[in-house]
Amino acid sequence: MDKVVEIERIDLVCEVNNTDHHTLQNGVDSLIVRRGQPFTITLHLQPGTHFQNGDNINFIAQTGPIPSVEAQTKAKFSLSRFISRSSWSATAETSDSTVSLTVCSHPNAPIGVYKLILDQGEGVGLGEFVLLFNPWCKQDSVYLASEAEREEYVLSQDGLIYRGIPKRITVLPWTFGQFEPGILDICLQILDESPNYISDAALDCSERRNPVYVTRVLSAMINSLGDKGVLVGNWSDDHEDGVKPTVWKDSCSILQQWSNDGCRAVRYGQCWVFAAVACTVSRALGIPCRVVTNYGSARDSNGDLVMERFYNEFDENIANDSIWNFHVWVENWMTRPDLALGYEGWQASDPTPQHRSEGVFCCGPAPVRAIKEGELTFKYDIPFVYAEVNADVVEYIKLRDGRVFKMGGSTTEVGKSISTKAVGRDEREDITHNYKYPEGSEEERRVYEKANHHNKLAQAGEEPGFHIKIKVTPDMQIGSDFDVYAELKNNTMVTKSCRVMFYAQAVSYNGKLGETCGLGEFTEMNLAPTEGSKVTLRLEYAEYSKAINQDRMIKLVALLIDAETRDFYRAKKTIILDGPEIIVNILGVPKVGQNLVADLALQNPLPEPLENCVFTIHGANLTDGKPITHEVGTVGPKEFVTAKVQFTPKLPGQRKILIDFASDKLHNVETYENLVIYE
């Protein structure tokens, strides 16, 4: 270079650049830009220094501890007349003592923290910036064409997670908070704590150009098995040395605790918490992401795509295969250049630690289309996810004397009502069709196939002449006593003698059974041809309150035994007890910097007092990055509790305020309100 450029100061123009790159919600303290999109910084030169606009001005952009041109973690480029969208490039406009320097990264550059250097013999540092994936750039492998989808899957800081059972889907509002202060730094820290980085930092930083790789690392690092991951899973009822999974309502608290505690895993998470944190980190890094719930989610222990379930007389599953009432994972949007064309788009990834993939507890990314097409050889982990939504179920009952009977009937309980939050609306979108074909392409064909299927079952002697089903009433609120019914029908041509056993048992969302909380007597009866009968089971709060956990789920099982043939027939139904409703009024003018008050009320539905009652509110850009709690003490039986909780919006726009109520006997009571905050 003819003459050294002497720079007095540098302005990274963070507010303008971060606005252009859809990262303004991260703040204006640092430069955060996206791949394949130009950004402009201002160089203020020393008096008498000139900036020669020509090829002899060179720059270096580098990331990682061992930057190299071969690994694409170091780029050398010089000033040119035009910005290139397919390589690192720079242009400059000079006026008096200032230079407007425009830089554009390669759309396939590794993400991470970069140094920008003016290369003039000795390097002059021009500043640091963070480079993220860019769903707005057509050349980026995470490009998403729809602005509404980018708004939902990249920029939205809150969402809805679906739980419960298909006939009673419940909604958990969640604050992802990917733009809250410090969260992006923690997300980059997660990548730097992964075993891949620790064993070969140069290779790991190079691979960060590929969202398939980054997603796979996150799938392993969100759980703590085998690495310094974020969350410990716990499906027991003992959470004394940590936080109950159901208490979490936002990702930031978890990520901040992990980072502040020297990367010690946070206790405890279950599937929806793992998925929600994975969604926060994916969106923070610029990978479009959504949380997905699968109802009737199979865990196939031996990979044969058949769920063989053995029960004893008390309906306890005594096999390794299990079916969870629901299971939650994430989908990330990206191309798959490593696979055949047509398998780009949504990729399923499961950060809950239940499956070893290439020796590591991670799962995915698996192209959703490959799951639908049954392409079990494609990367990654498609057989495991395929079984979660498609496995066939065969059920047996094993008696104490060792005899095994196949259960009457057949089941299609795996992979139902696969759900995610709709784009731009607080509604559930059913995406089951993305994962599996309907039985026939047209409705008539589907109904015909279904009827034919049942007909074959009947001809094979598997459709029983005896019918038993469980009926419930709509009003099943926690705190009340109520009846449930087993209905019997003899559709054979002969009188039947039978015995009926009807009982209720607490159950967790992952299918794990708890204590019995209602047990009917063994009832013996005779039913004439076409005659029906009903057995009633009374569920009393005094009994079920000692058995249920925070999921508020009860499994009902009715077992019918034909006295003559010794055939077994079983009906089962999982119910969720209704919790009370939180009544919310937001008082005040919804403007930035103005105090608002959440006026809250709730009636204790229990016939006994609630102790240690607490309302918690939180929302991205509403509660300063952390939940606000309001303790209200003890509430008597059937009494109302009220609270006024103040909060101050920090940024304008559409926001969600999440409200949670917890006490010693009642948890998981939540609701939300949508707010529009004005400047």
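Each Cβ is built from the backbone N, Cα and C atoms, and glycine gets one as well.
Noted in TrEMBL for the protein shown:
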{"type": "ACT_SITE", "residues": "Cys271", "note": "active site"}
{"type": "ACT_SITE", "residues": "His327", "note": "active site"}
{"type": "ACT_SITE", "residues": "Asp350", "note": "active site"}
{"type": "BINDING", "residues": "Asn390, Asp392, Glu439, Glu444", "note": "Ca(2+) binding site"}
{"type": "DOMAIN", "residues": "263-353", "note": "domain 'Transglutaminase-like'"}
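On the structure: features taken from TrEMBL.
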residue : record      : Cβ within 10 Å
Cys271  : active site : 27
His327  : active site : 26
Asp350  : active site : 31
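Across the fold, the C-alpha of Asp350 (active site) and the C-alpha of His327 (active site) stand 10 Å from each other. The separation of Cys271 (active site) from His327 (active site), Cα to Cα, is 6 Å.
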